[in-house]
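Asks: Here you go, one structure.
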Amino acid sequence: MSDNKSFYITTPIYYPSDKLHIGHAYTTVAGDAMARYKRLRGYHVWYLTGTDEHGQKIERKAKEKDKTPQQFVDDIVVGIKELWSKLEISNDDFIRTTEDRHKVVVERIFKQLLEQDDIYKGEYEGWYCTPCESFFLERQLVNGNCPDCGRPVELVKEESYFFRMSKYADRLLKHYEDNPDFIQPESRKNEMINNFIKPGLEDLAVSRTTFDWGIKVPGDPKHVIYVWIDALSNYITALGYGEEGKDAKYNQFWPADVHLVGKEIVRFHTIYWPIMLMALGLPLPKKVFAHGWLLTKEGKMSKSKGTVVDPVVLIDRYGLDALRYYLLREVPFGSDGAFTPENFVERINFDLANDLGNLLNRTVAMIGKYFDGKVPAFAGSVTPFDSSLQQLAGETIASVENAMERMEFSVALASLWQFVSRTNKYIDETQPWALAKDEAKSSELASVMHHLAESLRLISIMLQPFLTHAPREMWRQLGLTEGELTSWESMRNFGRIPGGTTVSKGTPIFPRLETEEEAAYIAASMSGGAAASSGPEAAAAAPASSDGPQPSDKEEIGIDDFAKVELRVAQVLAAEPVPKADKLLKLQLDLGYEQRQVVSGIAKYYKPEELVGRKVICVTNLKPVKLRGEMSQGMILAASHGDQLTLATVPDGMPNGAVVK
């Protein structure tokens, strides 16, 4: 436990040139888990995220959309904040580099560095990648393209202000040596030393004249302060640094305990940023942790390849806890990992539904059956298996704490799930159903029930940094309320649940999923063939709403995008259930020019015989997918609200295959 200690954690500030995807969610959920953990341990936490809103790419994108740059970023930031809200990110602040509180301090920082001759004016010539907003020397290019993203680069020659990086190279190396944990994982540090510092640091261009969207250099407005000084400074401007009377948070929280960054921006945070802080005479952050990329089997996520995973689709269909668990459990933080629909569904089924969900269901049911829903009092170690379960509980708490301090989220969850599995095994070892048949074994049965309830209490507490809903539902079913018995410190002693606590059976916290069907749904959503709120398949799985239809939160599209979707009239020739899939019907459709099979999740709403002869609207240019072993070559349209669903139909006189516009 910590008394009045502060903990400052940051994510990178995201570039709002497009909608964020699951990779951005990965970083922010990881930061959120760490922030929640530290709060549970008694720390005063400040968790910062935000957006880097200046630059040439924003300026160009805004022009393409016929908007001002400010309007463009304002619109996208709304979506980013909505995503963080949907992910239940517990950030304490959201910094935007277009805010006055940031801009005025950046101007002061630039002016100070210029006055002390750490910045000078010169001329720059180099190869520039607009998407990455980075300059490269010719020797750094890969086949003449950007070494980071592979896109074409432009030769740029312009007047620029430069930062004297080389002046601080030796001091930076000394900092690495004196602070071996400054860059994590260790491999990233070796990369910085061998690839950038030892070959010799070159002075860094820190202004641009080829675009206008940014913070102007004080006294020289044709120059815009470049991203290195503008964006990186957010970590201190958000705390009020440099503003007299507003710097209390800076004094409390700086230096940062950890900057979380993607591996592609390690150089900026472990070379440029520390050197800038040295020049300003400020303390350096304690740690920069560079995580890997969340990829797909095909490599980096790409809209054109149909491999972008939208976190909102997954949350809407499977719940927030399932997504947060997957992100933090599947990939060791610091390494690259691959998202696959199959692995996502299997994590839900095996870990959450089978292991955790069944443990809770069985425990609450047995306490209800054998003790009228009252948890028996703790009586120490009564059965031969009690002491080993208690011992593993203590070891698990220590393992989770140690892993969290190292930001090894997957290790923490793996340790916790070993305890979940061991508790399930404890049921098989003690066989409460057999103990219940022998009155002489009543004390053993009571001990088993208490050990199960208490183990679930500990599990729920350790889950709090990772999952935001399941712990509270576990407390509800266990008869607990949020308070002392759900605090981290309450885990120091086993057996804290009071005797007589009343349990309440509930619905499964993680229902099992049909693996093949759900994996196909996710794959279709990645390729643009499904969305969380469109189509009868989604409607069958979506939770009911009690508030009536809601305004759309979908991104606006142009007529060209809509024109890509082909809608045609189709007549249902035959319909039948899909074996072992109670939601699905297999339809044979006549499109006039051909017949097609479509699998649709409307079995709850229509009997097969009701559909034959109907004329429906079919999306005909979706990529075919397999649902429960049946090929589906399209999607039929329907309107849904709550538990209601009605197919979109057309009059009988419209010919099959007619285009719907």
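Backbone N, Cα and C define each Cβ position, glycine as well.
So TrEMBL lists the following for this protein:
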MOTIF     14-24  motif ''HIGH' region'
BINDING   C129, C132, C146, C149  Zn(2+) binding site
MOTIF     300-304  motif ''KMSKS' region'
COMPBIAS  532-551  compositional bias 'Low complexity'
REGION    532-556  region 'Disordered'
DOMAIN    561-661  domain 'TRNA-binding'
Asks: Once the chains shown are all counted, how many other Cβ atoms turn up within 10 Å of the Cβ of C129 (Zn(2+) binding site)?
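Replies: The Cβ of C129 (Zn(2+) binding site) has 21 Cβ neighbours within 10 Å.
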Asks: What is the number of other Cβ atoms found within 10 Å of the Cβ of C132 (Zn(2+) binding site)?
Replies: 18
Asks: Sort out for me which one of C146, C149 has the most neighbouring CB atoms within 10 A, since those are the binding-site residues we care about.
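Replies: That would be C146, with the most Cβ atoms nearby.
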Asks: Which of the three DSSP states, helix, strand or coil, fits C146 (Zn(2+) binding site)?
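Replies: DSSP assigns C146 (Zn(2+) binding site) to coil.
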Asks: Return one of helix, strand or coil for C132 (Zn(2+) binding site), based on DSSP.
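Replies: Going by the DSSP assignment, C132 (Zn(2+) binding site) belongs to neither helix nor strand, so it counts as coil.
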Asks: Which chain neighbours of the Zn(2+) site, leaving out C129, C132, C146, C149, have a Cβ atom within 8 Å of the mean position of the site's Cβ atoms?
Replies: T130, P131, S134, N145, P147, D148, G150, R151, V153
